[in-house]
Amino acid sequence: MADWARAQSPGAVEEILDRENKRMADSLASKVTRLKSLALDIDRDAEDQNRYLDGMDSDFTSMTSLLTGSVKRFSTMARSGQDNRKLLCGMAVGLIVAFFILSYFLSRART
């Protein structure tokens with residue numbers, strides 16, 4: 001580089017170095033802009049996912065309270081007399097059969 005620098009005037013060398021610095025600064029600025037855009041996209045996506053998870057939390061809370069009430073009513077019915085036990089067994093068998101029929105029709109609909 002010493003031979004190259006001696007062959008040109010000091011002003012020309014400074015101009016070449018200045019142009020190289022500007023080119024590298026522009027390249028760095030474009031990379032920083034891309035990184036900033038990427039960071040903003042990640043932030044937006046994280047906020048959307050947090051809102052979605054908050055909505056799911058409220059859905060699960062309401063479903064938990066619904067299932068808790070159903071289990072309490074089912075337990076009360078199971079603890080009552082012998083006639084209700086026959087009804088309970090009939091309902092359980094009916095629900096199981098309905099589940100298998102529904103799953104059969106859904107599997108047929110997919111194929």
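Please read every residue number as a count from 1 along the shown chain.
Yeah, the Cβs are placed from backbone N, Cα and C, and that goes for glycine too.
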Candidate set Ser37, Ser107, annotation phosphoserine, source Swiss-Prot, matching residue: Ser37
Cβ neighbours of Ser9 (phosphoserine) where a neighbour is any other Cβ within 10 Å: 10
CB contacts for Ser37 (phosphoserine) [other CB atoms within 10 A, all chains]: 10
Ser9 (phosphoserine) and Ser37 (phosphoserine), Cα-Cα, nearest whole angstrom: 42
